[in-house]
Amino acid sequence: MRATSLLLAAVGLAGSTVAHPFGETEAVLGPQLQSQEKADAVKEAFQHAWDGYMKYAFPHDELHPVSNGYGDSRNGWGASAVDALSTAIVMGNADAVNTILDHISKIDYTRTPDGVSLFETTIRYLAGMLSGYDLLTGPASDLVSNTENVDNLLTQAKNLADVLKFAFSTDSGVPYNNINITSKASDGATTNGLAVTGTLVLEWTRLSDLLGDDVYAELSQKAESYLLAPQPSSGEPFPGLVGSNVYISNGEFADGAVSWNGGDDSFYEYLIKMYVYDPKRFETYKDRWVLAAESTIKHLTSHPKPRPELTFLSSYNNGNYDLSSQHLTCFDGGSFLLGGSVLGRQDFIDFGLDLVHGCEATYNQTLTGIGPDSWGWDPKKVPSDQKDFYERAGFYINSGYYVLRPEVIESFYYAYRITGRAVYRDWVWNAFVAINATCRTDSGFAAVTNVNAKNGGSKDDNQESFLFAEVMKYSYLTHADDAEWQVQPGDGNTFVFNTEAHPMRVKHT
Ligand SMILES: *[C@@H]1O[C@H](CO)[C@@H](O)[C@H](O)[C@H]1NC(C)=O
Ligand SMILES: *[C@@H]1O[C@H](CO)[C@@H](O)[C@H](O)[C@H]1NC(C)=O
Ligand SMILES: *[C@@H]1O[C@H](CO)[C@@H](O)[C@H](O)[C@H]1NC(C)=O
């Protein structure tokens, strides 16, 4: 998942006679047994976290993995269970899948004591259910015998969208993000963020396509329309790269601050993913992504002085460049790789790999082998106690937290699936082993406070639901057999992953 940084500070192809999708052979795949063992080790980690969640937290939103308590940060509808569904499905974990389906059939989405985030609810709950439906009515249909529980996923997805849809009832159609579903009121904000406005369209369009009812698609595409044709021109300082906030009253941009960081990130991610979802309907989205990608290469590429071979993305505002980046931003390599592969643009693939290597460097250089939540490389801002580290690593750490985010592993996964090179698979494994060694508790996995301290500094008592949805899924899929839901090179994708790593079936029209 993306955009919240501001809050924190199988179908086997194993047989040797079957071609690997990349057209390469054993040298790429490595010994089959080894990969299978690694996939099994990820399953073990998933099961460990799932058992701890079931014992101490279910049906609450998330486990507190140090105190063995629980939290309800996502409206108390069982976020970890719904977010875990598509991962449990691709792992073939029928026990967990059946438990989650039972739970989902009992959720009352009309009730919650807390304010609701349209974005978070869409990417975790709505997408989790839609993905479960697509997988269990498609390539994973063998896993569940109770088809009523599977059909119910779509019913509950509609129920949830019907609860949320009043958020779009504004003068412009740009939604409020923070809403009260009881009073049908909003927080009264005058602007909405780029990512939270622009990361709804995949889920709401998928829902419409499955139901044969355009109302949900239309709401999300109307909101998106302002982002695709930015007004005024100050909202688009470089072709395709747009500001960070739009006015809810009229859809005009409120600023021209450009980045791929949290708050902006998944707007760019969804432009190309909508094209993968349906190239006929979403060609304009692709054109906007291409413009953004070309401008990004031209204007945001940055190389740290001590290690000019590394590539990071800077951000831009009003003539100034900010030389800092975030773990959240590291989905960027995957986005360039997906776009480059789908469009046959080697320049985008090459740039994506540069970004992937930059993000790997943030993992490679710390004591734990896990990268920080944010870092910088501005020679004028190096903290005095990090001068040696900066000279060696090429960056200094702004926030050393690791909160179980997936983006670096996610981009390694795209790099591996699209190039077939074993080094990217090895990087996923290294990261997974480091997370397992540093964050694991008796009941699950905890965020840690300092990735460059022994044992990660101290443990923070929270296990975000995206551990299940994303970290476990990308780590597993990298080492698992080929399957219909895996990312494929070129135009071979039959599924596309939402920003929370929930695979949705693409629309062939
Ligand atoms: C939402 O509105 C209801 C009804 O007006 C109110 O009782 C409740 O406190 C509100 N919830 C939040 C989180 O503000
Ligand atoms: C860092 O990268 C180097 C060179 O690829 C490799 O030899 C080393 O094992 C890596 N270290 C970590 C902690 O990943
Ligand atoms: C993960 O940690 C557990 C507990 O320490 C250990 O038993 C297991 O072997 C580890 N897995 C990997 C792949 O390192």
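In case you wondered, yes, glycine gets a Cβ from its N, Cα and C as well.
Residues or ranges marked as signal peptide by TrEMBL: 1-19. Here TrEMBL flags CYS330-CYS359 as disulfide bond. Among the features that TrEMBL reports, Ca(2+) binding site is placed at THR499.
Positions of the features from TrEMBL, shown on the structure.
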residue	record	DSSP class
CYS330	disulfide bond	helix
CYS359	disulfide bond	helix
THR499	Ca(2+) binding site	coil
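Cβ neighbour count for the residue listed as 'Ca(2+) binding site' (all protein chains, 10 Å cutoff from its Cβ): 29.
With respect to their backbone Cα atoms, CYS359 (disulfide bond) and THR499 (Ca(2+) binding site) stand 18 Å from each other. Here the CA atom of CYS330 (disulfide bond) lies 12 Å from the CA atom of THR499 (Ca(2+) binding site).
Close to CYS330 (disulfide bond) in the fold, though at least 6 residues off in sequence, lie LEU355, CYS359, THR362, GLY371, GLU407, VAL408, GLU410, SER411, each with a CB less than 8 Å from its CB. Within 10 Å of the Cβ of CYS359 (disulfide bond) there are 28 other Cβ atoms, across all protein chains.
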